[in-house]
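I'd like to ask some things about the structure below.
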Amino acid sequence: MFFTVRTLSNRTSHVLNCAFAQCRLLSSTASAKGVPRLIKAIQGSSKEPLTDLQLRLIGDNRYGEDSWFVSSTPKAETMGVADGVGGWRKLGIDAGVFARELMSHCSEFAEQAEYDGLNPRQLLIDSYDRLKNKRPCNVCGSSTACLVTLHRPDCTLHSANLGDSGFLVLRNGRVLHRSDEQLHCFNTPYQLTVPPHPAMDCVLRDSPEQAVSTHLPLQPGDLVLLATDGLFDNVPESMLINQLRALQGETRAEYLQQAANRLVDLAKTLSVSPTFQSPFALKARANNVDYGIGGKPDDITVILASLEVPDKL
């Protein structure tokens, strides 16, 4: 089980790759009067510098071993992040490929015209089954997964979260909801796994049915922040609120993008600080793990969205 536990990296050996932080402005294709939509901004960064060749090989929708997607249908909008478990590197396996393939399958299902976003956990189940049963199966590894959907007809948010990626919803400058982590033990999140050999019994194999599902009604101006643990392990909730409070009701994509950029920059800075008392360091202490103080270098992926309901005719 050792290679499914995230390694506590030597923080001095990693340099965050600023050049790999790619800016993206995305908004929903749905613009009909009265139809709810999410105005989205995406940003991220890899914890390790990548060459131009590596960037071309891993393609879009990846920041290191993190991956993400967004999709839109007449009835739903869907956002997802996955964090490949880096311990597989000891076996020469790039868990980022697993995360990317999982998100790719989620995107394919979520882009079907009839998809309504009411059951993101079933979306995760179907996507994992497709990945697991794909032939030839040349993808192995494991990752966390967090899916968030907007069901347009009743303006309701639905979610499915497995592991320690997560999301929070802010309204009027306060946290309305935050997802809970799922951990086997410290730094060992629940994870979906396809081992290189079916008989391999020394790896964690959690089920997508174990993903925690929630739903709550949204209001215009609500903010949804979806991210991998590279953000949450380094930026306390109070700092997140301070960064986002001024965005309440903001639906201009450029302002959301600037905020997403600031969040990633803040997480990168704190992740390499030797003196900051990070959420990760506090959790380590609570679990009697000798980590000391400081941040946790990691890949970071952030999707920031604001709910807009255009005026009805």
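Yeah, the Cβs are placed from backbone N, Cα and C, and that goes for glycine too.
The annotation domain 'PPM-type phosphatase' is assigned in Swiss-Prot to 47-307. Here Swiss-Prot flags Asp83, Gly84 as Mn(2+) 1 binding site. Sequence annotations record features per position, and here Swiss-Prot assigns Mn(2+) 2 binding site to Asp83, Asp229 based on similarity to another entry.
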If I take every residue in the domain 'PPM-type phosphatase' (47-307) and average their pLDDT values, what number comes out?
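When the pLDDT values over the domain 'PPM-type phosphatase' (47-307) are averaged, the result is 94.
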Least buried of the binding-site residues Asp83, Asp229, going by other Cβ atoms within 10 Å?
Asp229
Whole-number answer please: how many Å between the C-alpha atoms of Asp83 (Mn(2+) 1 binding site) and Asp229 (Mn(2+) 2 binding site)?
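Just about 8 Å between their Cα atoms.
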List every residue in the same chain as Gly84 (Mn(2+) 1 binding site), at least 6 positions away in sequence, whose Cβ is under 8 Å from its Cβ.
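In sequence order, Glu65, Asp66, Ser67, Asp94, Ala95, Gly96, Val97, Phe98, Ala99, Gly141, Ser142, Ser143 meet the Cβ cut-off.
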For Asp229 (Mn(2+) 2 binding site), which of the three DSSP-derived states applies: helix, strand, or coil?
helix
